[in-house]
């Protein structure tokens, strides 16, 4: 029928868009991880910034891979989700990588604020001195927090799926919807709190860093400092604003995803596709910004692209 043809066309288009975004994001994050790992092997002692970028790239690589697998099964083989461990396990793994991605990217913003900003408060100065020692513990804490959230999500989804099967067997559809909402409401409150905490950390650190850079830029203007230093501060402010913008869009998409999932509304495929497009764009776009804000990564990327371009031209 025409409806089935439209659904098939929509699913094919959705798969093509998500697959293209996933491939780009995987390539970008794999490049960042490989460059940092090679640098780690050579000098044996990565700095704190490289540790955070390496962990962030790994979490985003895993997130993009598992979300593509989940989306592929959902659109092509949705009957696989009727098997009890499949759907809860995929959702739990996706949530683990997504939580790691959000927390570490938020901590990266806080790290840049502490390292770059210039405030004379004693607590801020203490953080600036101790931040390099804190980084490994924060990364370990983000893994444990993400793991705990993933386990909680797995148990909740598994219990909800069991209740759904039991309610379907006895034919009580109203009880099915009520039990599922009761299972997920408290979980969504916890997830929303985690997302809001990470977003608050990003907003606060970005605004503090922008204020510090703007104040420093104003001082340099009054003292007529050379244009090179001025350009560096303006470039840093642009990177912070761009990150703040895409992180805000990603946070809005996550909130909309929670709302639509909780309400379980019909005919929401278009909105869910838009949310998925923006969510898959965030790991790729932000990692690309991080690459261009790091001179070593930027230089390696441009050199790699030039080599690829030369090889393509030689083949032609």
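Numbering starts at 1 and runs along the chain as it is shown here.
Cβ from N, Cα, C; glycine included.
Automated prediction, rather than curation, is the source of TrEMBL annotations.
Taken verbatim from TrEMBL:
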type	residues	note
TRANSMEM	12-41	transmembrane segment
TRANSMEM	53-77	transmembrane segment
TRANSMEM	89-114	transmembrane segment
TRANSMEM	134-154	transmembrane segment
TRANSMEM	185-214	transmembrane segment
TRANSMEM	239-260	transmembrane segment
TRANSMEM	272-293	transmembrane segment
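Highest Cβ contact count with the transmembrane segment (53-77) among the listed stretches 12-41, 89-114, 134-154, 185-214, 272-293 falls to 12-41 (criterion: pairs under 8 Å). Residues of the same chain lying 6 or more positions beyond the ends of the transmembrane segment (89-114) and with a Cβ under 8 Å from any Cβ of it are 48-49, 52-53, 55-56, 59-60, 62-63, 66-67, 69-70, 73, 124, 127-128, 131, 135, 138-139, 142-143, 145-147, 149-151, 153-154, 157, 191, 194-195, 198-199, 201-202, 205-206, 208-209, 212, 240, 243, 247, 283, 286, 290.
Through the fold, the transmembrane segment (272-293) approaches residues 10, 14, 17-18, 21-22, 24-25, 28-29, 31-32, 53, 56-57, 60, 63-64, 67, 71, 101, 105, 108, 236, 239, 242-243, 246-247, 249-250, 253-254, 256-257, 260, 301 of its own chain, all at least 6 residues removed from its boundaries and within a Cβ separation under 8 Å.
Cβ atoms under 8 Å from those of the transmembrane segment (185-214) belong to residues 95, 99, 102-103, 105-107, 109-110, 112-113, 116-119, 145, 149, 152-153, 156, 233, 236-237, 240-241, 243-244, 247-248, 251, 254-255, 258, 261-262 of the same chain, restricted to positions at least 6 beyond its ends. If one looks beyond the transmembrane segment (12-41) by at least 6 residues along the same chain, the residues whose Cβ comes under 8 Å of a Cβ in the stretch are 50, 53-54, 57-58, 60-61, 64-65, 67-68, 71-72, 75-76, 273, 276-277, 280-281, 283-284, 287-288, 290-291, 296-297, 300-301, 304.
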